[in-house]
Amino acid sequence: MLPVHSFFFSIIFYAASIQARYVFYYDQYHKNLPPTTMNTGIDHVIMAFANSSLFTTSPAGEYVPFEDIPTLRTKFDADIKVLIAVGGWGDTAGFSMGAATEESRKLYATNIAAMLEKFGFDGVDIDWEYPGGNSSDYKQSPNEDKVSEIETYPLLLAEIRAAIGPKKLLTIATPGKVGDLMAFTPETAPSIWRSVDWVNLMSYDLFNRRDKITKHHTDVKASLEIVDYYLNKLSLDPLKLNLGFPMYAKWATIDANQTCQNGLGCATAELESPDGSDTGLSGAITFELENYATPPTNMTESVDGACGPTAGTFCAAGNCCSAFGFCGDSAAHCDACLGPVFGSGCKTESLSEKFQTAMKNGVTDEQAGGEYYYDQQNNLFWTWDTPQIISRKFNDIVKPRNLGGVMAWSLGQDSFDFSHILALQKGVAEMKTSTPNPSLPTPPQPDVFQAPPPDQMTVPELAPKIDPTSDRTELPPLDSLKTPSLPPLDSLKTPNLPSLDQETPQGPAQTIDEPRLPPIDLFQAPSMNPTTAPETLPRLAFSVPQLPSLSLSLSGSGSFSQRPEDNPSLQFQAEFKSANRGQNPSEGSTQIRRNQKRYAPTRLARFVV
């Protein structure tokens, strides 16, 4: 047996610390924020973007926030954290340069830290799309020219972490497609995760202009698959992962020369030109009010090339207003234009009208968990999230995978009815009140618990822990000691374990690993004077059949007398009874282990096992 100084046994209850991060990006092109009540619960807002190249020089380039930071804080809960995102789609040059060498990484990180302090940001989000390749210029800068970034990306993050310190947040936006995870490998990922506070998973745009076949740009099935890839293949702690949600729909033109049944799994037109640029045959449209409203009647002609309902302008005669709000007469401008009212060159109904048709007639793919619509008249495929699918993602992904939170792009893009934001708000609120998945390890609670009645208890497995090197002294049985009046525990339930006929060897015993049950609190032993004979000692009787060997592992705390005149030995006795051998307690081995310093315990306990 182990040396016992004092005995305290407790049933340990576990209560998970439920995290529920609620993160929203806020970009400079969609600043129509929801009412304050809609922002309740958002605990982190990430302003987007600062250009990545600003931090590569000494002195650093000048960043000018598109909104005053203290004013922005007033639009959210009092404890809101405001971060700045660096990079974004199409902005990789600064990252590549900053990550290249040890010197450049230190300079980059120092400049990032200085910016955070200057403007009072609570942290920085590194949105490098993507280290290692597949960026917007992948035709001009092929992946083979960016292999070194697979090694330098983790080093840059580590340098930023060191520069900003532990009080500032460091987060990253990461790809939702496995093919874009060049820098995230089983070898590099652990060093990446160590540097960051959490990961914003872009589990959307899973269908983009580089794809040749239509599919959902976000759905439950594909989102769960990429989450599991991060957790299982890349060993990311689920509490560090935020599942991403888009506040926009995507559309793509279907190849008119191919047969298409319902829109899913159909061949697309050429959505990307040979040089990697956008052909204008696909795009995105937000859930903003202006995309549902009729065009304004008091518009003026554009003088700077901007057009559309937000600008309140139309294009010069013969030009089209593109889906992105710019005037021109190319196919990219006119094939998916905002309608004749914004440019006479547009010969089809407006994109917003097509969008509204899709929103009214969407079809739910119950199996994959995605919403879509096939506009046969205009040969367009549409894909988006509904509030109902957002709810499914919480129930099917966020909760069962114990994710640390959610994020969305972007806050100003749901101004029509705020239904997507409300669905997120509800899901986060339920995360904070739900019971977590018990598969996660949870911290023990220190509370003392009164043992339940014997018929409601289960005997835990007792792992053999016999030390052959310790001193052993045979002591006579202490059967004559009186015990307090405790309820008999002979009826304790025991786990079903396989029959093992061998007896316990002298030395390390076999360890039985399954089933493993939590420790159970049985009693607290009474305090007593070590120099006097104990009057009462707690007595426990376990009936544990089918065990070849048994050891009792005890833990606790107590005080000892260091005076040599006190009893120099540890007064503890344990009796083992092998149920399948039919031995009685007096025939079991009774041993005592002395502590090296021969202190006398202030508490004694006796067990019959």
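Start at 1 and count along the chain as shown; that gives each residue its number.
Including glycine, each Cβ sits where the backbone N, Cα and C put it.
As given in TrEMBL:
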| type | residues | note |
| --- | --- | --- |
| COMPBIAS | 438-455 | compositional bias 'Pro residues' |
| COMPBIAS | 493-509 | compositional bias 'Polar residues' |
| COMPBIAS | 580-593 | compositional bias 'Polar residues' |
| DISULFID | CYS315-CYS327 | disulfide bond |
| DISULFID | CYS320-CYS334 | disulfide bond |
| DOMAIN | 20-431 | domain 'GH18' |
| DOMAIN | 304-352 | domain 'Chitin-binding type-1' |
| REGION | 429-520 | region 'Disordered' |
| REGION | 578-597 | region 'Disordered' |
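Under DSSP, the residues of the domain 'Chitin-binding type-1' (304-352) split into helix, strand and coil as follows: 9 helix, 11 strand, 29 coil. Cβ neighbour count for CYS334 (disulfide bond): 20 (other Cβ atoms within 10 Å of its Cβ, all protein chains included). If you take every residue in the domain 'Chitin-binding type-1' (304-352) and average the pLDDT, you get 91.
CYS327 (disulfide bond) counts 25 other C-beta atoms within 10 Å of its own C-beta, drawing on all protein chains shown.
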